[in-house]
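Trainee: The NAD(+) binding site annotation in Swiss-Prot covers Gly7, Ala8, Gly9, Gly10, Arg11, Met12, Glu33, Gly97, Thr98, Thr99, Ser121, Gly122, Asn123, Met124. Annotated active site, proton donor/acceptor per Swiss-Prot: His154, in sequence order. Here Swiss-Prot flags His155, Gly164, Thr165 as (S)-2,3,4,5-tetrahydrodipicolinate binding site. According to Swiss-Prot, the feature active site, proton donor maps to Lys158.
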Amino acid sequence: MRLIVAGAGGRMGRALVRAIAETDGAVLAGALEAPESELIGKDASVLAGLPASGIEVSADLWSLSAKADGILDFTVPAATIANVAVAAERGLIHVIGTTGLSASDMAVIRSVTSRTAVVQSGNMSLGVNLLAALVKRMAQALDESFDVEVLEMHHRAKIDAPSGTALMLGQAAADGRKVGLDQRAVRGRDGLTGARKAGDIGFASLRGGTVSGDHSVIFAGPYERITLSHHAEDRMIFAHGALKAAKWAFGKEPGLYSMSDVLGLDV
């Protein structure tokens, strides 16, 4: 399977290049960066700490996509939305791990899924997706006397909050209780907020150091508390998850899929 890595010079992009090199049946077919990037023309494999592959970083997705089967996209919303149109036109499988996507961004992504297979998830790791399944079941089993709080921590360079994974876990809790997350989410409390409302789903974000990703979902009830947690020790778990998603989507009918579909989980 021939794959393009979008954002090839970033932390996740370099991890994806390494994951492709470690995955049987996967080949690096292209490396994409923004036109103004100083990495244009550099060997993508060398940037990832590997022997030279001859695949140079380019800003031209249209040309790269002529000899590719899919694109792995962990970039920023504006870049992902620009890539969506080209991927759909070329019929590329599009694996999207970009976080911070708005409702309008998701509408654009959905609009192309009649033409190609898209796998979109706030987190590509097996552990987090299993955690989401557990959170949904826990929320189904516990009534609103158990307050739900989602706590996440990431490295100092992360630019969006709450993380896509935190929102995914909050959505799992909302789905378990059959409520809308938009109506129940409370983000970043500060000042005189008043008492907590029953049924709220709270979010808190921490930033610092080099943390790849820590997430906890707390169910706080009368006189007891249940905490479900996941700690990512290396971003390679996300990269290998993205490879798994791409291989799973190869040959699938056009549509919008999630990692729950890839892993066969009921979330």
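Just so you know, glycine gets a Cβ as well, placed from its N, Cα and C.
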Trainee: When you rank His154, His155, Thr165 by Cα distance to Asn123 (NAD(+) binding site), which of the recorded positions ends up on top as the closest?
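Mentor: Nearest listed residue in space: Thr165.
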Trainee: In whole Å, note down how far the CA of Thr165 ((S)-2,3,4,5-tetrahydrodipicolinate binding site) lies from the CA of Gly7 (NAD(+) binding site).
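Mentor: Rounded to the nearest whole number, the Cα-Cα distance is 20 Å.
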Trainee: So which other residues, same chain and not among His155, Gly164, Thr165, have a Cβ within 8 Å of the centroid of the Cβ atoms at the (S)-2,3,4,5-tetrahydrodipicolinate site?
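Mentor: Other same-chain residues with Cβ inside the cutoff are Thr99, Gly122, Asn123, Glu152, His154, Lys158, Asp160, Ser163, Ala166, Gly213, His215.
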Trainee: Nearest of the recorded positions to Gly164 ((S)-2,3,4,5-tetrahydrodipicolinate binding site) by CA-CA distance, picking from Gly9, Arg11, Glu33, Ser121, Lys158?
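Mentor: For Gly164 ((S)-2,3,4,5-tetrahydrodipicolinate binding site), the spatially nearest of the recorded positions is Ser121.
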Trainee: So if I measure Cβ to Cβ from Gly9 (NAD(+) binding site) and keep only same-chain residues at least 6 apart in sequence, which ones fall under 8 Å?
Mentor: Ala31, Glu33, Ser37, Leu39, Lys42, Ala44, Leu47, Val57
Trainee: Give me the Cα-Cα distance between Thr98 (NAD(+) binding site) and Thr165 ((S)-2,3,4,5-tetrahydrodipicolinate binding site), rounded to a whole Å.
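Mentor: It is 11 Å, counting Cα to Cα.
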Trainee: Taking Cα atoms as reference points, which of the recorded positions Ser121, His154, Lys158 is nearest to Thr165 ((S)-2,3,4,5-tetrahydrodipicolinate binding site)?
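Mentor: Checked the recorded positions Ser121, His154, Lys158; minimum Cα distance to Thr165 ((S)-2,3,4,5-tetrahydrodipicolinate binding site) goes to Ser121.
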Trainee: Taking just the CA atoms, what is the gap between the residue listed as 'active site, proton donor/acceptor' and Arg11 (NAD(+) binding site) in Å?
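Mentor: Computed Cα spacing between the residue listed as 'active site, proton donor/acceptor' and Arg11 (NAD(+) binding site) is 13 Å.
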Trainee: By a 10 A CB contact count over all chains shown, which of the binding-site residues listed here is most packed: Gly7, Gly164?
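Mentor: Result for the most crowded candidate: Gly7.
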Trainee: Just jot down the residues in the same chain as Lys158 (active site, proton donor), at least 6 apart in sequence, with C-beta under 8 A of its C-beta; none if empty.
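Mentor: Once residues fewer than 6 apart are set aside, Lys158 (active site, proton donor) is near Arg207.
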